[in-house]
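All remarks here apply to the structure that follows.
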Amino acid sequence: MAEPIFDDQVPLYELRDTHVRYRTPAGQVTAVGGVTFDVAARGMTVLAGPSGSGKSTLLRVLGLIDRHTAGSVAWQGRDIGRLSHRARRAVRRERIAVVFQAPPDNLIGHLGVAANLTAAAQSAGLPDADPEILDWLGIPGTGGWRVSALSGGQQQRLAFGCALARSPAVVLADEPTSQLDAASAALVLDVLRRLTERGVAVVAASHDPELVALGDRVVHLREGRIDEVAA
Amino acid sequence: MQLPWRAAPRAAVSSPLTVLVAFVAALLLSFVGAAAVLHADSAGSAAVAYQAGRLCGQTVPPVVDGNRVSVADAGDVLRISAEQGRAAGFGTVIGAVYSPVRQWDFNGPHPWSQFGYRDGALDNLRVVEGGSRDGLWVPRSVADDAGIKIGDRGLNGTLPPVTAIYADVSDPVPAYWCSEQQRIMPNPLATEGATAAVVWFPTLDSFTASMGPVSGNAAAVSVRFPAPTPTTTDEAAALVARGKTVVDGVTSQLRARDKARLVIASNYFAKPVEVAHSAESTVLGAVLPLTVISLLVGLAGVGAVTVQWVQRRHAELRLLWARGAGPVALGWRAVLELAAPLLLGAAAGLLAARLTLPWYAPSTALTDGTVGVAALVAASVLVAALLVVGAVTAARTHREFQAGSTRRTSRVWRFVPWELITAGLAYLAWARLDSMPTKLQFGQPLPQNADAVGLAFPLLVVLTVALVTVRLARWALTAAHRADLWRAPAVHLALRRLSAAAGSAVGILLVGTLAVGTLTVGVGVAAAQSEALDTKSGLFVGAESTAQIPGRVAIAGLPPALAQHATVVGVVKTGQSIVLAVDPATFTRSAWLGDRDPDDVAARLSTLAGPGVRALRVGSTPDAPAELPRVGAVRPVGQVASFPLIGTGRGYVVSRASLPDPEQIDVWQVWSSRSSAELVADLDAAGIHHLHSRSKALALDGLPFLTVTWTFDFVTALGMVLAIVAAAALVLAVEVRRRQNALAGALATRMGLRQRTLVASHLTELGALAGISVAAGSAAGAVCAAVSAPMLDPSPWLRPVAAAPNLVPLVSTTTLVAAVVVALVCWSAVRSVTTARVGELIRG
């Protein structure tokens with residue numbers, strides 16, 4: 001019998017003394033220098049901190065995009081450091097949705113709005129996206145539009161719609177409001193809140209106070225280390 | 001299939017430049033691959049056509065000949081041959097039977113003549129008088145000599161009556177008679193009774209009835225199986241196979257009757273077909289290295305297009321990867337998007353290779369299925385290009401997303417000493433060329449073919465020079481980081497741009513040097529061999545055409561019509577040397593002088609006038625008075641390195657007018673600046689008997705020269721393709737950096753950089769690439785052509801040995817074209833700066 005891929009009684013992530021180091025022409029750089037915390041299977045966790053604090057790096061590790069270089073990171077109790085490329089892809093495909101900082105980076109530009117939702121659903125093995133998603137995002141009637149016809153805020157909301165269309169266990173969002181004006185950011189925050197209400201875990205990296213305020217748990221980072229964990 | 005993959009083909013239209021570049025890359029790739037196949041096959045066809053053209057058309061199919069047979073046996077041979085010929089698919093069989101040459105009695109006169117019958121003979125003669133087909137047809141020469149008239153009956157009235165007098169068949173004979181030329185044309189200069197014109201019987205039965213009893217076992221028989229001349233190696237091979245069936249059938253049938261010794265059945269074209277196949281494989285083998293290099297360059301271009309595509313689609317690829325797609329799936333995504341332009345490009349390349357065949361190939365006749373093979377090659381190239389697209393995308397996405405490495409494995413390739421490898425291969429090719437030269441042995445009837453490995457030598461040298469140029473350029477650009485040339489801002493800016501884009505710069509240098517080098521060596525060697533063939537043929541024959549004429553005619557002088565384009569030359573061959581007795585007044589306008597100045601030759605010949613027999617000595621002939629057989633004492637008054645007919649060998653040239661006794665000369669020839677057909681026609685019109693007509697065009701077996709020429713013609717074609725690639729790469733290199741250059745240039749000009757400095761910097765940057773390519777490529781190509789041309793000469797025994805032609809016009813043209821390309825690309829780069837809106841560029 002196959003091992004279950006998701007159990008909401010188990011923390012999504014367990015990080016223990018996790019390090020991430022990069023090699024650069026100037027030498028080795030420690031982006032994350034030994035962090036230990038858990039991410040619950042429900043609610044919103046915010047990685048907060050100033051630029052260069054390691055929050056985006058940590059988010060990429062959680063998204064199984066980058067690998068940690070020391071310590072351990074467990075996904076649903078399994079050490080992801082030991083997972084093969086194929087297994088990591090399977091976890092990303094079936095359980096994780098990532099929303100990048102720049103809205104256009106989350107969408108396929110040559111596909112229309114509805115097609116982007118369909119593509120997102122198909123990438124997780126689902127036949128199609130929930131037809132109500134556009135209404136839920138507050139951009140009804142835009143299914144036939146080109147992506148470029150949407151504003152930046154609408155594009156970022158559509159990015160979360162695509163994430164939702166994949167029915168993930170967790171949505172990882174990297175600075176989702178940093179490139180938006182206040183009104184658009186507010187709409188995105190609303191989407192994030194409603195995502196958590198639907199039972200989807202959200203991990204967001206941000207230094208936006210309003211987003212930080214939304215977090216059920218806030219992990220404050222400074223220079224790659226945990227400064228404070230607030231509930 | 002998920003939507004992003006399903007929609008990929010349509011996504012291609014969102015980046016027209018990538019589509020265009022992919023299309024052009026596939027077009028060139030497919031063109032090169034398909035053209036190599038078509039060209040090699042075309043070389044085989046050209047070899048078949050060339051060799052068939054040198055033979056009488058009736059001897060290309062099988063032939064059956066017999067001498068000293070009885071008329072009855074000749075009848076059997078004709079019947080069996082006709083049966084076997086028809087069974088082998090030869091619809092027409094031409095049989096002929098001849099009586100011995102005798103002084104046959106025509107009721108008084110006994111002219112030397114022979115009787116004969118040949119299928120269709122009466123349809124191929126020009127009647128002068130009479131023309132009824134129920135009697136004998138007598139040649140005019142025989143009728144005039146013996147006073148034979150229409151109605152006369154020979155052999156005491158036992159022969160049918162003479163019903164027609166026809167014009168003698170003259171040289172060059174019509175195609176119908178070509179295989180019978182030696183038999184039916186009397187040779188007035190030969191021993192009396194050895195040859196004679198033919199009195200034709202209207203039917204085989206009448207011939208058999210009349211000649212059977214009187215010919216004994218001295219009749220002759222010939223059977224021909226005329227067939228369309230083959231145009232391809234396959235057609236030629238099929239004809240030879242059918243011919244073998246005939247030869248075997250006739251031989252076995254006659255052997256069963258114990259008459260096999262009576263005839264010789266031959267298939268003369270079998271060996272030329274082998275040679276044609278060999279020429280085809282030689283050309284293919286020789287062009288293969290450069291074709292493979294060109295294909296690799298093309299595939300590298302496809303790889304570069306893919307890298308650009310990956311950069312353009314980076315966000316989408318990262319998104320798909322973040323959603324769980326693997327590198328292989330992303331590679332497949334790239335293939336689906338670029339497949340259409342690549343497919344269309346490959347199809348266009350195949351079409352272009354077929355349509356432009358007359359421009360680059362020696363023949364347009366192709367073996368059945370060759371276009372199919374070319375299509376298969378084009379398809380293979382397309383598959384390779386698609387694999388490159390998939391593999392490059394998969395590798396890049398794996399490295400960037402999955403492995404998280406910024407290290408480029410491609411840098412490892414830089415440390416491989418490619419130039420040493422190609423230099424080693426060039427040395428091996430040189431050794432092969434030196435030890436197994438492509439030389440035709442004197443007197444050998446069929447040529448050895450050129451050696452493919454040896455032919456690759458010049459290309460390998462050019463490749464080595466291109467790689468060395470690239471290596472030096474890379475070192476120079478690396479070192480240029482420390483260079484401070486702000487005192488010459490244009491040079492400094494150019495150097496900085498080149499250093500920043502060192503990868504594309506050295507790529508352009510490699511392709512550019514290779515292009516110019518192959519163009520130069522291709523043109524150089526091909527022209528050298530063509531000129532060598534022309535020069536050797538000219539020296540070998542002496543004039544465009546020659547014929548032997550009776551001494552009395554030569555001594556009396558040519559009639560005015562002939563003297564306009566012909567001159568008389570007496571030839572005495574001794575053991576060591578050749579003596580030519582020429583007419584200085586008409587020699588220079590009739591003999592073949594090649595690139596010699598006719599006035600110079602005339603001036604030298606004018607020194608022959610004067611007392612005694614003055615002579616020009618040729619080659620290394622001793623500078624001392626000599627006693628020559630049939631000429632007498634000669635006194636050298638000058639020297640020439642070579643002379644028509646004598647070549648660079650030993651010999652003397654004397655004035656015909658100074659000969660003490662012209663009748664002592666062995667052979668008198670008439671040399672003409674016109675074709676053999678025109679010369680013969682004029683001789684016939686003047687009533688001058690002649691024989692041994694020779695033509696410069698057919699004097700030498702030129703196939704070995706042509707094989708080398710065809711090979712390097714294709715090298716030239718590939719050089720042109722590479723030149724297009726280099727020019728396109730130059731344009732692309734600027735276009736890809738257009739935004740970056742525009743921003744930097746626009747900011748620099750707003751900070752005070754003068755426009756002319758900006759123009760000068762771009763001219764310096766692009767001019768350096770083009771200039772180095774042209775200089776290195778031209779030098780390598782010219783040196784290689786000069787070194788290789790003599791070594792590739794198939795008949796060095798016949799001087800002069802092939803030498804590279806003057807390549808200055810080619811190099812000048814190449815430089816001019818390169819300058820135009822540089823100017824256009826420079827204009828485009830400067831325009832992008834002057835029209836840039838800096839605000840938008842900064843905002844990005």
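Backbone N, Cα and C atoms are what each Cβ position is placed from, and that goes for glycine too.
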Pick from B:198-227, B:498-527: which range does TrEMBL record as transmembrane segment?
B:498-527
Is it the case that the transmembrane segment (B:766-788) and the transmembrane segment (B:453-477) have 3 or more CB pairs under 8 Å, with pairs at least 6 apart in sequence?
yes
Using a Cβ cut-off of under 8 Å, list the residues of the same chain at least 6 residues beyond the transmembrane segment (B:373-394) that approach it.
25-26, 29-30, 32-38, 41, 295, 298-299, 302-303, 305-307, 309-310, 317, 327-328, 330-335, 338-339, 342-343, 346-347, 349-350, 353-354
Out of B:286-310, B:415-433, B:453-477, B:808-830, what stretch is closest in contact terms to the transmembrane segment (B:714-734), meaning most Cβ pairs under 8 angstroms?
B:286-310
Do the transmembrane segment (B:415-433) and the transmembrane segment (B:453-477) share at least 3 Cβ pairs under 8 Å, sequence separation 6 or more?
yes
Can you work out which residues elsewhere in the same chain, 6+ from the ends of the transmembrane segment (B:808-830), have a Cβ less than 8 Å from its Cβ atoms?
516, 519-520, 523-524, 723, 727, 730-731, 734-735, 738, 741, 745, 755, 758-759, 762-763, 766-767, 770-771, 773-774, 777-778, 782
